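These notes are about the structure you will find just below.
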Amino acid sequence: MSGFQTSDEVDISNSLKAFPVDIATDNQKDKHENVGENVSDEDDGNYIASKLLESNRRTKGKKGNGKASNFQSMGLNQTLLRAIFKKGFKAPTPIQRKTIPLLLEGRDVVGMARTGSGKTAAFVIPMIEHLKSTLANSNTRALILSPNRELALQTVKVVKDFSKGTDLRSVAIVGGVSLEEQFSLLSGKPDIVVATPGRFLHLKVEMKLELSSIEYVVFDEADRLFEMGFAAQLTEILHALPTSRQTLLFSATLPRTLVDFAKAGLQDPVLVRLDVESKVSADLQSAFFSVKTAEREAALLCILQDIIKLPLKDNVRPREIGNVNNPKKRKRALELALKGSESGSPDSTLVFVPTKHHVEYVSELLVQAGYSVSKIYGSLDQEARLNEINNFRLGKTNLLVVTDVASRGIDIPLLANVINYDFPPQPKVFVHRVGRTARAGRTGWAYSLVRAEDAGYLLDLQLFLNRPLVTSSKQVKTDSDCDFTKQIVLGSLPQELVAELLEWVQRIVSRDVELQQLSNVAARGEKLYFRTRATCSAESAKRAKELVDSKGWSSNNPLFGDVSVIEAEEKYAELLSKVSSYRPSETVFEIGQRGHLKTEAAEIMRKRRNKVKPKGIKSEVASDKITDSSPGNMSEASESELEEVFKNPKELSKKKTTDFKDKEYYMSHYAPKESIQETGYAINSGENFTTAARHAILDLTNDEGIEQSRKGGQRWDPKKKKFVNIINDEDGSKGSPKIIRGESGVKLPATYRSGRFDEWKASKAFGANDSPIRENKRYKHNKLQTPKPADKFRDNYHKQNKRNREAKERGIGIKVNSELKSAVEIRKARELKEKRLAKNNRPSKKHR
């Protein structure tokens with residue numbers, strides 16, 4: 001460890017600490033500085049560890065940057081550094097640079113990072129550094145909870161790679177494995193347990209595990225843990241953990257339920273998130289298309305066919321994965337192919353839809369159109385989910401249809417295009433969607449379909465991004481005059497293209513019964529989705545009416561062609577508008593009723609028409625211009641600005657007038673400068689988790705179309721032949737399966753405590769405090785066995801035969817009859833003895 005220091009290096013370990021050291025730690029240091037004071041062995045160990053950590057630091061660059069630029073500057077031990085470099089890590093990722101120093105200081109951390117950003121190593125490396133080695137007679141000291149078995153097995157593999165060179169033992173506790181095998185694993189007192197919440201809680205209740213020795217807890221993919229319904233299990237596990245633990249929580253997004261859980265389970269947590277993840281890339285180009293609800297499918301096909309020009313299934317060229325026929329090399333070849341697919345294909349496109357029913361419908365429609373499509377939604381099976389993602393990453397498919405919930409944390413390559421089939425109800429959801437493209441200096445496109453009912457959400461997004469809204473083609477001459485990276489360019493799609501594709505969609509849906517059923521189910525699911533969708537602001541709702549009534553809403557988007565084409569489209573649209581809005585000058589009652597043929601009914605209709613006509617003309621005239629689309633600056637003007645604009649004709653008094661506002665207590669009714677932009681982008685420094693999490697909360701609507709918290713009602717019970725409340729199935733009341741109450745008060749199924757562990761323990765030859773795994777961790781085979789019989793058809797027949805003769809000479813492998821009688825033999829001997837006594841009918845000679 002001393003080899004990391006040189007005479008030219010300066011120890012700046014104190015400046016590396018982003019936050020003040022705990023008062024208890026300072027008191028311990030003061031105690032150690034006093035020579036004459038008695039110190040316990042545990043304090044000595046902590047003091048030595050802190051000194052080694054400080055002496056092991058090596059930093060480059062400026063002091064006090066608050067984060068480490070390489071792994072050597074983090075104060076890690078040499079064994080762990082060798083394991084890190086052997087695994088191929090050269091430099092820490094951004095999430096690792098921000099998280100590892102905080103974890104080494106013992107802080108509780110809430111990290112927001114997507115899958116593939118290095119978050120697993122961000123919490124495994126500090127864990128290995130914290131545990132260092134196995135302690136004598138110690139129980140489990142680290143617990144990692146993952147949402148599914150695949151992620152748990154992947155995490156335990158990473159833990160074993162980083163713990164090479166140490167004697168730390170790690171096990172995976174997941175479903176689908178026999179309980180007896182996991183009884184043995186947990187009875188061996190492993191140092192690190194990587195588990196899924198359901199199976200771990202089952203074993204905790206069954207084995208009556210004591211979790212007081214846990215020092216390090218990680219909730220990996222925490223948003224997916226809550227999404228999959230593990231809230232009750234997590235609450236029960238959290239209640240059993242000691243308060244002195246260090247808790248980590250990693251998530252791709254930050255739902256409100258997760259924030260409440262973090263407040264209850266973490267002590268003064270630090271929110272770590274990457275600023276680049278919360279902003280729209282400067283290289284992102286976006287276009288917005290006004291469509292009707294019935295034309296959305298045709299508009300989607302128009303974007304794919306005429307704008308992106310996505311190749312059809314026959315022209316897709318997947319990435320080669322090597323020798324797939326060899327099963328031993330197939331997995332390795334697949335890993336290499338997936339690793340090399342990070343750049344993505346130039347045509348890779350992500351389509352966001354509101355519900356899982358839309359995923360099924362839209363993906364099937366795109367397949368009918370000839371595209372290669374992958375689909376993912378929240379309740380999709382994990383194996384099918386991985387297959388769909390791998391097909392997309394390998395280039396076998398170039399379209400991925402997903403929901404907001406299903407796309408969280410998915411490790412997908414850099415995308416070229418993102419299409420919002422439904423407009424996101426929140427600006428943060430829009431940023432979450434389009435953040436998949438325009439990464440690593442590459443350009444990307446985001447296309448959004450906006451219906452009349454979505455106009456308010458579009459204006460909310462415009463205020464959030466602080467960009468001007470360009471709607472009418474008269475504002476721009478060609479697409480070169482538009483800046484798609486700095487403006488919100490809104491317009492419709494060419495009507496002839498949409499009409500042709502709409503006719504094709506209607507014909508395909510009418511012919512295919514399955515597609516027609518999927519369309520009906522998606523329409524019903526969207527109605528439920530609208531009930532749970534957030535509403536736009538009141539001001540945006542008012543402006544949305546003006547936007548929809550303007551001519552710019554129906555004019556073509558400047559993305560299509562030059563100005564002549566746009567003008568031709570406008571004339572065509574104007575002609576259609578005139579035809580559709582044509583009103584005859586006379587009603588049916590007035591035709592031929594003039595002069596001497598005039599009737600009383602015709603006169604009544606003429607008077608009525610003259611009275612109603614001015615109102616109709618006024619309502620049909622659309623406004624050609626919209627109110628200022630840029631967000632108004634409602635900040636209070638400064639004194640210098642007022643003096644420049646308004647000149648006083650004369651000084652009222654030589655004495656300067658005093659301001660009525662007290663700078664310390666006055667609260668202005670004006671919004672602060674750039675308040676809208678700051679509300680969207682401002683990220684707290686992290687000193688207060690509640691304040692920082694308030695800006696990072698992202699609640700996504702469930703892709704099932706219904707809200708989880710509102711699940712209720714009744715269901716038909718076939719056994720009781722009547723309707724029963726669904727809530728009874730969850731709390732175990734009124735005839736539902738028997739339950740037990742956990743330590744935290746959570747109701748758990750009674751099957752969690754079935755007595756199988758007691759039966760297993762009784763069948764083993766060790767007690768409750770004994771371990772079936774040897775404590776010295778070194779194993780040596782002492783059993784003497786006979787060599788395998790010689791095979792005369794092998795080349796080593798004579799050599800193997802010689803070994804067999806030598807073994808027999810030493811007495812190895814010779815069967816010796818056991819002198820111990822079995823229970824059956826003992827019983828038979830007793831019966832024979834009783835028969836002899838009865839036959840002789842006289843006592844033995846000893847009793848004469």
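Note: Cβ is positioned from N, Cα and C throughout, glycine not excepted.
For reference, Swiss-Prot has these:
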- 22-43: region 'Disordered' (REGION)
- 69-97: motif 'Q motif' (MOTIF)
- 100-272: domain 'Helicase ATP-binding' (DOMAIN)
- Ala113, Arg114, Thr115, Gly116, Ser117, Gly118, Lys119, Thr120: ATP binding site (BINDING)
- 220-223: motif 'DEAD box' (MOTIF)
- 330-480: domain 'Helicase C-terminal' (DOMAIN)
- 610-650: region 'Disordered' (REGION)
- 617-627: compositional bias 'Basic and acidic residues' (COMPBIAS)
- 628-637: compositional bias 'Polar residues' (COMPBIAS)
- Ser638: phosphoserine (MOD_RES)
- Ser733: phosphoserine (MOD_RES)
- Ser736: phosphoserine (MOD_RES)
- 768-813: region 'Disordered' (REGION)
- 789-812: compositional bias 'Basic and acidic residues' (COMPBIAS)
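Taking the features listed in Swiss-Prot, we show where each one sits on the structure.
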residue: Gly118; record: ATP binding site; contacts (Cβ under 8 Å, 6+ apart): Pro92, Thr93, Ile95, Gln96
residue: Lys119; record: ATP binding site; contacts (Cβ under 8 Å, 6+ apart): Ile95, Thr99, Gly111, Ala113, Asp220, Phe250
residue: Thr120; record: ATP binding site; contacts (Cβ under 8 Å, 6+ apart): Gln154, Thr155, Val158, Asp220
TODO: Counting other Cβ atoms within 10 Å, pick out the least crowded of the binding-site residues Ala113, Ser117.
DONE: Ser117
TODO: Mind tallying the motif 'DEAD box' (220-223) by DSSP state, helix then strand then coil?
DONE: 2 helix, 0 strand, 2 coil
TODO: Pull the DSSP breakdown for the motif 'Q motif' (69-97) and write it out as helix, strand, coil residue counts.
DONE: 16 helix, 0 strand, 13 coil
TODO: Would you mind splitting the compositional bias 'Basic and acidic residues' (789-812) into helix, strand and coil residue counts from DSSP?
DONE: 13 helix, 0 strand, 11 coil
Open item on the list: Mean pLDDT for the domain 'Helicase ATP-binding' (100-272), rounded to an integer?
Closed with: 85
